[in-house]
Each structure stands twice: as C-alpha cells, then as structure tokens.
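Peer 1: Pasting a structure below so you can have a look.
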Amino acid sequence: MKFFARVPNINFMAQRKLGLTVSAVLTIAAILLVVIRGLNFGIDFTGGVLVEVKYPAPVQLEKVRADLASAEYERAVVQYFGDSSSVLIRLPPAGKESSAQVSTHILEALHASEAGITLRRIEFVGPQVGEELFSAGGLALLFAFMGIAAYIMFRFEWKFSVGAIAALIHDALMVLGMLAIFQVEFDITTLAAILALIGYSNNETIVIFDRIRENLISERRLDILDVVNLSVNQTLLRSVITHLTTLLVLSALFFLGGATVHGFSVALIVGVIVATYSSIYVSTNLAVALGISREDLLPAKDKEIDELP
Amino acid sequence: MKPYSTWKYFLLIAALAFGLLYAAPNLYGDDPSVQISLESGDPLPAEVSGKIAAALKDAGLTPSASGIENGQWVVRFSHAEDQLKAADQLKQELGRDYVVALNLASKTPEWLKAIGAKPMNLGLDLRGGVHFLLEVDIEEVRKKAVERILTEVPALLRKEDIRYTGRRENGDSAVMEFADAEHVDQASRAIAKAFAEYQVTPLPEAPLSLSIKLTEKEAKRIVDFAVQQNLTTLRNRVNQLGVAEPLVQRQGENRIVVQLPGVQDTTRVKDLLGATATLEYRAVADQDAYAAASSGVVPAGTELFYTRADRRPVLLKREVIAGGDNLVDAASTVDENGGPAVSVTLDASGAKRMFTFTEQNVGKPMAVLFKERQVVTSYNAKGEAIREHREVEEVISIASIRGVFGKRFQTTGLASKEAYDLALLLKAGALAAPVDIVEERTVGPSLGADNIRKGFSAAVLGLGLVVLFMVFYYRVFGLFAVSALLLNLLLVVAVLSLLQATLTMPGIAGIVLHMGIAVDANVLIYERIREELRGGAKPHTAIEAGYERAFLTIADANVTVLIGTVVLFALGAGPVKGFAITLAIGILSSQFTAIVGSRALAQLAFARRQLKEVPIW
C-alpha cells in the first residue's frame, strides 16, 4: 500500500516567511497562556495531600464534602476520578498541621460515615520537595537542550543546532500552552512526557537535516531552497507513517491506560502533531534563514579541493 | 545481494535465546507465601525447621512447599487465606526474635534461578504499598551542637581558671568574650588543646572575642551520625512490621526513603516510624533479681527489668547516671588488646555525673537500659482503630566498671557481633534528631492491580495496531519489522528483569510509547528502499542501499532521544526513573533489532532468489 504514487513535490519553502511568523505568534501566545492562565500543577510540584478512595456504590460529591467539612477540611477539593464511585480529594499544603497526619485524618473522617470505602492511594508531598522538583525539572529541560544542541553541533553545524533547539522550545511551549488551555494536570509524569517529546521531536528534525546534508552533496546543481524542499518532500512519507504509528500507541494509552497516564498521553499526542510542523517550519526554516550553505557541511576533504583556485 | 555475515545470525539467535530465558520468569506467576528470618539477620538455627512444621500442623495447614530459599525460610501455599492463617500462627509460636512476613514468592523453576533469571521488580504503583520520604532535621542537630559548645567550653575555662566575661550564640557558632587579649590567647590555646573537634577563630568585629564552631569534618560527622542513627532505628522498627522486602535507604545528605511493598495500613506505619527511643546508664543493684522476679517483690529504690538477649531478670537502681540525650557518639571499635569493643562519648554534663559515679563504684556492674515508646494500633471487632502506647524497656548491656572515667569510655569483653549490635542500639537510643515525613505515597492493592491491567491492555492494543498497520502497509517487510519489534520487546523485558530495574506505570507508558517509535527505524529503511526502487534501482541493490543509507540517520536520531532519557534518569524521582530506564533500554535494543534483525530476515527471504520486484508495497 502507498499514500503517494510518487515522491510529492510540495514547495514547502515558499511559505517559509509565513511559517516563521505563525510560529512566532503561536509561541508568544503559548507563553502568554502559560503565564496568564497558568498550568494546573499536580501535587508533585505544589505540595499538598491527595487521597483517592473508592466507594462501594456511586456517591454524591456533596456528601463527601460534608463529611470532610465535619472534620474541618472545608478547603478540600473533591472531584470524581474516572467514575462516580471513585473520588479524588486534594488539599493544598497544610500550613501548621504537620506532615502526613492529614491523610490519616481524612480517611478517618470518611470512614466515620461510610464503612465500605477502599483506599486507592494517598500522596503527600511536602512543599519543599515540590519546590525541589521544580528546579530539578527546569534543570533537566536545560540539560536536555544543551546535550542535544552539542550533539547536533558535533554532527552537523551550529546553524542546524540553533534551528533544532528553537523547534524543541517551540514544541515544548505549544504543549504547555495546550495543557494550560485545557487545564490538564501537570505532574511529574507529564514532565517526563515533555522530555520524551523533546527527544522525539528532535528525531524528526534530524531525519530532515540528514537528508539535507546528503542532498547538498549529491545534488550540486540545486540551490539551497530547492535542496531543502526536496529533502522535506523525500522524508515526508516517513514522517507521516512514524507519526501515525506513534499516535496509534498513544491513543491506546490514552483510552486504556487509565487516569495516571492521562496527562502523559495528552502531552505527547499534542507534541507529536506539533513536531511534524515544527520540524519543517521551525528547525529547518530557521537553519535556512541563518544561511546554511553547502560549504558548511562538506566533508573536510572535499572542502580543500573546493578551496583550490 | 551480498551474503550477510554468519556471525550476525548467531548474534540474533543468541539475543533471542537470551531474551526468552531472562523474560521467562515473568510468566510463571507467584505463590502466596510466608517468609521467615531472624530479626538479628543471623542465619536461621537448625531447630527452626521443626518449629515451623509444628506451627503449620497446629494450624491444620499443608504448605505446597517449605524450605530455605536465599537464606530465608519460605513456606508456600496455594491459597491466600492459608497464607494469612499460617502467618498468624507462626508469629505466635516463633516469638519476637523472628520476622514473619507475607510475600509473593515467584514460581520460577530452579534451573532459571541458577542462571540469575528473576521476574521483573514491580514498583509500588503496580503492586501496592507505601513509600515515605523522611527528612532528618539538620538545623536541630546543629543547634544542639552549639548548645554543647556553650556548656563544654565555659566548663573547661572554669577548670583552667581562665576568666571570661560573656558567652552567646551566633548562628552556627558560639562566641566567648574576654576582658583582655591575654585571656583570649590562653583560652584559645586551652580550647584547641582540649577539643580537637572545635575550630577556634578570633572574631574580626570584636577583638576580645573568640568564635568557636565545629570543624567542617566534625559538622559533617554529626549530621552523618544523626542520619545513620535514624536509619538504624527505622530499620529495627520496619523489621517489626513483618514486610517482605522493605527498603530503608539514605537519600542525599539528610533524607531517608522507606518503601514497604504490600503494606496498606499507613497509620500503623506512621506510628511505628514516629516511635521514640532513649537509653539510660544505671547502676545494677546488689539484691537478688531472680528472687524479685519470682516473688514479685521489688526492693525499695530499684526496678526490675529483663535483658534483651536472654530475658534474664536484672534489678537496677532508680538513679540515672547518664541518659540518651547525654550520648554524643557510640561506635564499635577494638580495645587495646585487639578485642571487639564499643566506644562511647558523653557530653559534659553526662561526663561529670559518670565521673562522680565511677569514682565510687569501681569493680561494680553498670547497665544500659533501652526504652522505646511505641504507639500500637490494633482493630476491634467493629474494625475501629484502637491506638495505645506501649513502653518497651530492656537491658541491653551489663559491664563492670574497671576504672574511673568520664567523657569517653569503652565497653569491652564482647563478641564482635555483640559490639556491633550494642553500638547500633546505643545510637538508636541517643537523643534522635527529629524526623519529618516530607513525602508519602500509598497505593492500595486494587489500584496497583488496576494499573497493571490498564497498562497491559494499552500495551496489547498499541502493539496490535502497530502490527496491523505495518503488515498492511509494508506487506512482507512489515512482518520483518514486526518480528524485530517483538524481539525488541522481549529484550526490554529480559534486560529489565535481569537488571532488576523497577517497572512502574510510567515505565509501562514508556514501553508503549517506545513501540510506536521503534518501528520508525524500519519505516526509515523501507521508505528508503521504495525511493531507490522509484529511482530505478534493482531490487537487491535497493534493499541493500535502504539499509545502509538509513543507518546513520537512525543512529543520530536514537542518540538524541537517549540524551533526553539520560537527563530524565538523572532527574530521578522513582516512577520517572522507571520511564527513563525502559525507554533507554528500548532504544538501545531497537538500534540492534530494527536494523540487524529485520535485515537478517530480509536476507533469508530474498538473498537467494531472483526478484522481479520487491514485495514492499
């Protein structure tokens, strides 16, 4: 089976100015969204207490709230989790009440009015641990960017490196923006998804860069823009198929994997779609705008020959 | 087509065999079992076999197997109810020297165990259990140290007759003030001579003052001591819980991770972790302890206790010579004759009382009483929790006083294991630095089982979709890619099992994600082959070119994904580490299976045939 009879011949680079503009606007929009609307950070980051319980039969949230209020936990956020007999209770970091006793008290309060409750999970994260994860998470992103930038510089050239990193930042921001719009919970698993996306998205970029390098050397008559167009078209099919298989497994995870990996699969689904676009219109585009040239990528031996008068 | 090197086929067969062998233990499942070991960690005595058999007989249970496995006695059952009954009975009959824990024992056959094959290690989010992160309050430890300086230094100066005009606390150092430079000089020398662990510096802003603080080495040592002390105490207590594979481990400078798989009752655990222990040095009374124990009449001014090791009665005088809060350090060491010993360091006030006491009591015995205050939670018939306080008081050491001593002394005449244990207990009883729970994660068994089921079904569906798509789209080559993917998954499971890396829910998500990405290598190769064919290449040439040209691209792409996973691993919170490990192993093995594996299959299928066209679309 095949999608196209021949290698497509789409003039991607004709839209390159528009592409850069759109990307810039979207990036700024995503930053504004994240800043203004904010991310729905999970307790991994904010600290606090989370208790998930399962009632023997569907339960009214009002009843749960009332039970909690009787134990003076009016501030608790109560919501269904998955179905109407599973309830998720969250409390912001407790000011004075020390440590992990909160979860014990919550359970006692709920047990007092309903005997058949089963505990599904308790998570308690001290505010300091949350703060540390913030800085560790930020550092992790930074190191991932630096590591990838260094590798591309080593394998290609600095202009490619800049393009690739711009695409990674772009993709990460798009995902964050989307998470902010839908207020998907951002926990440590979601952070893992973003780091995985960085690897994945960069994969896209590298496949195109590799092809550009190959074509720059083999198709000496074409100018840069034509080489780039040819390369993008040649790798287009492979991109479509890889995204398809990745989206297939991600949707399996989204529909069957349960709520624990919900944020994870949403972040990656958005990321995979965005990465298709950014590998063409951000990374490649920016590298072209920075002025990549045939000479940059020629093997050292060829260069010497070229430099002869 | 050029022939494919034989060694690559061998390598593939070896990889397949390795994968099958080491992934196999995961298929056998496990037995509900009871695991028995000595609390002291010593090897089990020979008579335990008879005791266990008797206990099982009393309970009317027939185990499916019972014997020593990996240094512990494991009794296996076919039903979980039998397991619980047996555990209750064994706990009762074996007594408190033994740890009786519930566990799931793998049914992996012996020959597989012999080559080191084990089932995967499931994370707490998959098997249920509790995870605590505890933090030792270092500030408190430092404050204590300054307080100690502020009592010991003035005491020394008074003894040496060096007059000071003031003393105060200043952050993590103590400041002594003097009337003139001569005194400053004298004091500085005296302190340096008496306390090697203190660092004395003049205060630049106040010329007639000395700033005294712990040397860096000493400051680090007391923090280490505080953490070690808590670790020891926690280990002892966790052993009492009867958990099969508890983990109590130091993390970073001042944190301790406690993980208890299978434990649900977090209230009980928190109570146990929060128990406080202390100790007292006391004089042994002359009266007959056995008589007091049998008659129940305790002479005035004394109290009756029992020794921890052999439950002998001991009468101790009521006065406390030194308490746990006076204990600065305790370590097992060797005495001047090279025999095992425990060296103990007391603070100034403890040392003073010890000196006065030993002066008058040379030749008489002195005992160490270990006291632990625990909260014990039990449940009544209605299932309500009843919490009660329990005091455990035991004599852990009796030794005769050989000479007069104060600050530092040694307890000798011990076996080396005894010395080690005594040092641990002394540390546990020293005034513990306070510990806070800074993170708790409890996963109920139903959620764990749910997670496994959901993760598994997502993986199966994901795999099914990818297989269908690849075979539909690339035909025979799709089959090659799918075979490579299956080998890849087998290798991931095998390596995870062999390394005993922990499989978590994010780890499963990582495997599922990886299935989508892993076929990318084959997609790259096959698209390349199609391109070569479009360009007019002969079938065999196209296949070869496809594999050769795509190789570097795949390697480049994989390296960058690996960079991401390495960073993720370094970031390292438990479940995410699991994700990073599975993804990294997957990528490394796919670089091999997707290229070498699928190519070997293509070679086998097509190398010896004349091809008019390649069945790739």
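Yeah, the Cβs are placed from backbone N, Cα and C, and that goes for glycine too.
Unlike curated entries, TrEMBL annotations are predicted automatically.
So TrEMBL says this about it:
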DOMAIN    B:1-102  domain 'SecD export protein N-terminal TM'
DOMAIN    B:227-285  domain 'Protein translocase subunit SecDF P1'
DOMAIN    B:303-433  domain 'SecDF P1 head subdomain'
DOMAIN    B:435-595  domain 'Protein export membrane protein SecD/SecF C-terminal'
TRANSMEM  B:455-474  transmembrane segment
TRANSMEM  B:479-501  transmembrane segment
TRANSMEM  B:507-529  transmembrane segment
TRANSMEM  B:550-573  transmembrane segment
TRANSMEM  B:579-602  transmembrane segment
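Walk me through where these features lie, including what they touch and how far apart they are.
Peer 2: For the domain 'SecD export protein N-terminal TM' (B:1-102), residue counts in helix, strand and coil come to 48 helix, 24 strand, 30 coil, using DSSP.
Note on the domain 'Protein translocase subunit SecDF P1' (B:227-285): DSSP counts are 23 helix, 22 strand, 14 coil.
Mean pLDDT of the predicted structure over the domain 'SecDF P1 head subdomain' (B:303-433): 80.
Sequence-remote contacts of a segment are chain residues at least 6 beyond its ends whose Cβ falls under 8 Å from one of its Cβ atoms, and for the transmembrane segment (B:455-474) they are 126, 481-482, 485, 489, 505, 508-509, 511-512, 515-516, 519, 522, 526, 616-617.
Sequence-distant contacts of the transmembrane segment (B:479-501) (same chain, six or more residues past either end, CB-CB distance under 8 Å): 12, 15-16, 18-23, 25-26, 116-121, 463, 466-467, 470-471, 511, 514-515, 518-519, 522-523, 526, 578, 581-582, 585-586, 589-590, 593-594, 597-598, 601-602, 605.
If one looks beyond the transmembrane segment (B:507-529) by at least 6 residues along the same chain, the residues whose Cβ comes under 8 Å of a Cβ in the stretch are 123, 451, 455-456, 458-459, 462-463, 466, 470, 474, 477, 480-481, 484-485, 488-489, 492, 542-543, 545-547, 549-550, 553-554, 557-558, 561, 575, 578-583, 586-587, 590-591, 593-595, 598, 614, 616.
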Peer 1: Where DSSP helix means H, G or I and strand means E or B, what are the helix, strand and coil counts for the domain 'SecDF P1 head subdomain' (B:303-433)?
Peer 2: 30 helix, 66 strand, 35 coil
Peer 1: Given a Cβ distance threshold of under 8 angstroms, which distant residues of the chain, six or more beyond its ends, lie next to the transmembrane segment (B:579-602)?
Peer 2: 4, 8-9, 11-12, 15, 477, 479-481, 483-485, 487-488, 491-492, 495-496, 499, 501, 503-504, 506-511, 513-514, 517-519, 521-522, 525, 543, 547, 551, 554-555, 558, 561-562, 565-566, 568-569
